[in-house]
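Here's what TrEMBL has on this protein:
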type	residues	note
DOMAIN	A:1-708	domain 'Alanyl-transfer RNA synthetases family profile'
BINDING	A:H563, A:H567, A:C665, A:H669	Zn(2+) binding site
COILED	A:730-757	coiled coil
Amino acid sequence: MNSREIRSKFLTFFKEKEHKIVPSAPLVMKDDPTLLFVNAGMNPFKEFFLGIARAEHPRVADTQKCLRVSGKHNDLEEVGRDTYHHTLFEMLGNWSFGDYFKAETIAWAWEFLTEVCGISKDQLYVTVFEGSEDEDKLEMDQEAYDHWKKILPESRILMGSKKDNFWEMGDQGPCGPCSEIHVDIRPEAERKANPGAELVNRDHPQVVEIWNLVFMQYNRKADGSLEPLPEKHIDTGMGFERLCMVLQGVSSSYDSDLFVPIIREIETISGVSYGKAEDTDIAIRVIADHIRAVSFAIADGQLPGNTGAGYVIRRILRRAIRYGFSFLGMHSPFMFKLVDVLTRIMGEAFPELKAQRQLIVNVIREEENSFLKTLEQGLSLLDQTLKGTQGKTLDGEKAFELYDTFGFPIDLTSLILRERGYSLDQAGFEKSMQAQKDRSKAASEINRDDWVQVHQGEGSQFLGYDTLEAEARLIKYRKVESAKDGERYQLVFDNTPFYPEGGGQVGDKGYLEASNGNVTYILDTVKENNEILHITKNLPKDTKAEFRAVVDEQQRKRTASNHTATHLLHQALRKVLGTHVEQKGSAVHSNYLRFDFSHFAKLSEEELEEVEAFVNARIAEKLPLEENRQVPVKEALAAGAMALFGEKYGDTVRTVRFGKSIELCGGTHVANTADIWHFKITSESAIAAGIRRIEAISSDAARDFYLEAGTTLEALKGILKGSKDPIKAVSQLQEENAGLRKELEQLKKERAGNLKEDLRSQIQEQAGVNFLLKKVDLDAAGMKDIAFQLGGEVDNLFLILAADQGGKALLTCYISKDLAADKGLNAGQIVRELGKHIQGGGGGQPFFATAGGKDPGGIPAALEAAKAYL
RNA sequence: GGGGAAUUAGCUCAGCUGGCUAGAGCGCCUGAUUUGCAUUCAGGAGGUCACCGGUUCGACUCCGGUAUUCUCCA
């Protein structure tokens, strides 16, 4: 069975059991600050399990793309070393939100594996939670055990510990026991000799867990205690890559049809065959795995970058390049060539790959180029460092510096060292690394106190589309502490007009007014798990009071204006440049907006003007806001709304329309485009291959921009004596200035030449020394110039020049090098001595030195004293 | 968010602990040579040493700030 069939059989199977089949949510979690990427099938449904939202359909099944780069079982550095770990994987899952429970889940899982997939029953083992003796005092999961007992012999039902068989999402929230299904795919002879039961959960590469069935039945409270959930849920996850491995009769997921075509392509490109040597095999697996992760991330809008999620993607890509570089001899970009074969394998199940193919290729190629450049630079730095190294061990700190500052991978460093007969001070490196980690940790440490419940009730009804003021009661609050901000409070209200940061738009600021008149300022508003958190510096004195929550109107107005302008900009770009333009990110602040989009070239002056004019024309049309807050995604798309990545199943969405611009958007907007007043692009730049960025301003900021420009122009005209064409006037001035400057330079040269001749004629000779002690009218640079010129023309020269420049005394001493050496003279020393007469000091080299002082009156004395050196 | 680093000629970079009147290679211009294929030689133009401020007799060099870029950690 090929992978495509397996995936579709799973979905069809659950469709027949009345499940709603939904598409995979995007890899990048837009609304969850606690997660960079979806790392488990249940992430997109978290709010249903937490009870914050209600699922539209109680039974759902899907395949969810997941990305794991860290965690107890999956360290990025380990992927590829073995034959079964992956960064990106698909999780097949079926879900029940308060609907069916253990009986159906167990029966269906068994039916699917044995009957649909045809896995032999005696290769399967299951585990059941054994209970716990700790403070939770949990009983064994007898219910699950009984269901399993009906379908397989008790000898194949194993007891699992709390660590393996009790699943928790975090410190708090829904949790429960789980049952895992393991499959033993060792050859029959081995299976007979050594029963698989003993190998379950022992990290054996061929006795593996393929399906985890989680029975959510408890809620872990803040104090650590457990209470039964009113509604029980099912959360299952089956590793798709492992399932393919099992059903295709191979012993590694890398040998399944999900990976083989990619590996073949790598062989073709590199000329290295898979299966020949351990080193190259690891490299090939790393590359095959990582190209998937990187491509999917880019398809979902996550570009490589140097912070957060973008940095994770960059690291994954660079790790693959590194392996290619070191073990397959790939010294020029190659990863981007794999995107085509990946799209062929998975493009059907994940159409975003097909849609974004060109962008993925461009971005990866560009990243490869820039990293190869970093490597080249690092190689020469390493060479240099080694030249300065005594002995045969490279200092750990130096290696860390190469890594930390110049991005040169440590494993490459140690590889090269080994080749050249050096060794690496690993301990020193680790120490520096730890210090760096500690620094970062200390800077970003956040302490969150427990939530304090104030009033009962549902939280976070958002009223901000309609009003900027509302009566609000505090539901709960907590204290958070960070090194950066110090103490802050997070407040959740029953109602709020405050818009939480999201969709690129910044959170609202404003204040709370208690009934007794006390005011508390709200510094920012954010969203977490669909709850709206208001951030304050202080807690209101009376938390139980009735509050009036008031949003800062001016800030909100400006932000709304920028947000609407962003939509119009998006529309304008598609109109002017073409429909390949897609939003890749946006930031809507109160004083400016930023919009990133896919486009292959720099925008010309004309295009920018056209875009600006288009937006301003929509503003002039006075288009009213037409919003619809409850539209099913499908309908919205059918109406032509621009779908961005980040939407997931189950949402009814809000559409925002101004004339022909329709977008899915949760942000706040102006009531009419006329409120924007004016739109002005301030910059256009590249941020990655195939991605451009436009920054712009609108409303008050645009007005200020023009006011300031006007003021500057008026001032300029004033200076230019009311010239009608200041541009011409200034360029004329510039030309004139350049001409004058040249002329002046010429004159200076002449004068210096004359002065030089004059001085030269005054040089006296005494005992073979040509000397001159003279006060001149030159600045320090001029004296230096003359001194060097004379020095070049006159042998055995001893020259001291003095000058009085604006009340400061300057001395310059030049002694021909031969003379200085013969007579043991030192200009630096002389000048220091003479400096005393002008109340100053100085120094320099033996043949040339300068001094400066406060007393020009001492110049004659200094010159007199200089005679002593002759 | 926190650290480290870089910014010098059109390009790639050197310039050690402050003082050698800012250099190299490539490219460009001029001339000669050659015109058997990345020729050779001679000469030349081109730099507010990112920007602002400070220390100093003197700053490309030291200190502080700003901007941009790179990089690591979270």
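In case you wondered, yes, glycine gets a Cβ from its N, Cα and C as well.
Keep in mind that TrEMBL annotations are predicted by a computer and have not been checked by a curator.
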Please report the three-state DSSP label of A:H567 (Zn(2+) binding site).
helix
Ten-angstrom check, please: count other Cβ atoms within 10 Å of the Cβ of A:H669 (Zn(2+) binding site), all chains counted.
26
According to DSSP, which of helix, strand or coil covers A:C665 (Zn(2+) binding site)?
coil
Measuring CB to CB from A:H567 (Zn(2+) binding site), give everything in the same chain under 8 Å that is also at least six residues away in sequence.
A:V656, A:F658, A:S661, A:E663, A:C665, A:H669
Other same-chain residues whose Cβ falls within 8 Å of the Cβ centroid of A:H563, A:H567, A:C665, A:H669, the recorded Zn(2+) site, in sequence order:
A:A560, A:T564, A:T566, A:V588, A:V656, A:E663, A:G667, A:T668
Quick one: mean pLDDT on the domain 'Alanyl-transfer RNA synthetases family profile' (A:1-708)?
87
If you count other C-beta atoms within 10 angstroms, which of the binding-site residues A:H563, A:C665 is the most crowded?
A:H563
